[in-house]
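Student: So TrEMBL has the following annotated:
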- 52-69: transmembrane segment (TRANSMEM)
- 90-110: transmembrane segment (TRANSMEM)
- 116-136: transmembrane segment (TRANSMEM)
- 184-205: transmembrane segment (TRANSMEM)
- 231-250: transmembrane segment (TRANSMEM)
- 280-299: transmembrane segment (TRANSMEM)
- 319-336: transmembrane segment (TRANSMEM)
- 348-366: transmembrane segment (TRANSMEM)
- 382-405: transmembrane segment (TRANSMEM)
- 417-438: transmembrane segment (TRANSMEM)
- 444-463: transmembrane segment (TRANSMEM)
Amino acid sequence: MGSGWSSEEERQPLLGPGLGPAAGTAWRSREAAAAVLPAAAPGPGRVYGRRWLVLLLFSLLGFAQGLVWNTWGPIQNSARQAYGFSSWDIALLVLWGPIGFLPCFAFMWLMDKRGLRITVLLTSFLMVLGTGLRCIPVSDLMLKRRLIHGGQLLNGLAGPTVMNAAPFLSTTWFSADERATATAIASMLSYLGGACAFLVGPLLVPAPNGTSPLLASENSRAHIKDRIETVLYAEFGVVCLLFSATLAYFPPRPPLPPSVAAASQRLSYRHSFCRLLSNLRFLMIALAYAIPLGVFAGWSGVLDLILTPVHVSQVDAGWIGFWSIVGGCVVGIAMARFADFIRGMLKLILLLLFSGATLSSTWFTLTCLNSITHLPLTTVTLYASCILLGVFLNSSIPIFFELFVETVYPVPEGITCGVVTFLSNMFMGVLLFFLTFYHTELSWFNWCLPGSCLLSLLLILCFRESYDRLYLDVVVSV
């Protein structure tokens, strides 16, 4: 049950010899498809009701990983007082997320060779270890900080699976008219977990009171530390529960494939990388995804630190981050459902989303420079600009994932999305690294947002789209 697509027999195409991966990418006309249609024995695939349970388990795992990753950013002021964290520590706690993507290609190889179940079990086990490490009760603050850093690193190692495997899961379990929706749900729940950290942290953990006397300050520090540890124990319990559920039931694949694309053979691990690195259209759209999403992820992780100079409280910063990501998740799932109904519109959807992202990020940046621009700096303007930015950028993620897979099919979905999320996390890591040295002046970080969105908009505009996987499903199923 745990081997997935591991055996060579299972990895052979269920279609005839004329419908291999070369044919899938070579089809450009109905005449070419008609020439191989007689060899296509199977009709439309079969879907199973259990696919929604599999999607739920995977999505909840992504939710928990995002929640644990973003534990410290929204409560960075409280964490400084409770554990003596420095600005470098706060940035590094967020930085462990992109650092965890360094072995990303090993997880991609494991998913390609051993299937989704083994990879998901390993991912959830790493999350159990990471959240448990943060809960070890020690009185030495230096040792406690090291344990917390180690736990965040282990949770970061779970990132490649929860961020990359959504298109693989949707292709394996869902039909062609449900794939974008399933991809959106599986990929968006990880971001929703990060958004809930903006809500859970500031509401459960009180902000430090710098005006208290020494004795009151000591009592306040102990109270803050107790509340933070309550959050850590709660996250550990949730992760253990999800690991148990995944261990009990997470089938590697359905008995029968849901579509022709799910049944067809894919390229090998080595040939997949050669195909990706030699495909200029893929590299163009990969940069259009990686640069702005990497910048936005790093910016969101230290949003509290960015908004502190404009006198925004920790609670308000948490609500801004929460609604910006929640709005993006809702709109992203709605856009994916729209893409399932009206196929072949992925590029147009991305152009509209990034036009809005460029305008909203420029609005936010100029608002923060109100001493020069004289734009009104109010809670309403900050809420509106940040939420719109999150809506436009986060909702583009599942659309990008589907476009990546369509562009380079028959490269396996996990490898394709692994490469682009690796690039995105590298951009985020570089920005957070610079942030540790220039944390006293963050205006440059705000300008990275509109610049990256505008660059992505130009790359998408020049991109020539194709839908090889969709065309395979539509033609062979008819």
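Placement of Cβ uses the backbone N, Cα and C atoms for every residue, glycine included.
Bear in mind that TrEMBL entries carry predicted annotations, made automatically and left uncurated.
As the structure is a computational prediction, the values presented were derived from the model and not from experiment.
What does the local environment look like for each feature on the list?
Tutor: Here the transmembrane segment (231-250) has long-range neighbours at 53-54, 57-58, 60-61, 64, 67-68, 71, 116-117, 120-121, 124-125, 127-128, 131-132, 134-135, 200-201, 204-205, meaning same-chain residues at least 6 beyond its ends whose C-beta is under 8 angstroms from one of its own.
Among residues of the same chain six or more beyond the transmembrane segment (280-299), those with a C-beta under 8 A of the stretch's C-beta atoms are 94, 97-98, 306, 350, 354, 357, 389-390, 393, 396-397, 400, 403-404, 407-408, 416, 419-421, 423-429, 431-432, 435, 445-446, 448-449, 452-453, 455-456, 459-460, 462-464, 466.
Outside the transmembrane segment (382-405) by six or more residues, the chain places 166-167, 171, 179-180, 183-184, 187-188, 191, 282, 285-286, 288-289, 292-293, 296, 300, 303, 307, 310, 312, 319-321, 323-325, 327-329, 331-336, 339, 346-347, 349-350, 353-354, 356-357, 360-361, 363-364, 367, 411, 413, 416-417, 420, 449, 453, 465, 469 with a CB less than 8 A from a CB of the stretch.
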Student: Give the one range among 52-69, 90-110, 319-336, 348-366, 444-463 whose Cβ atoms make the most pairs under 8 Å with those of the transmembrane segment (116-136).
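Tutor: Answer is 52-69, with the largest number of Cβ pairs below 8 Å.
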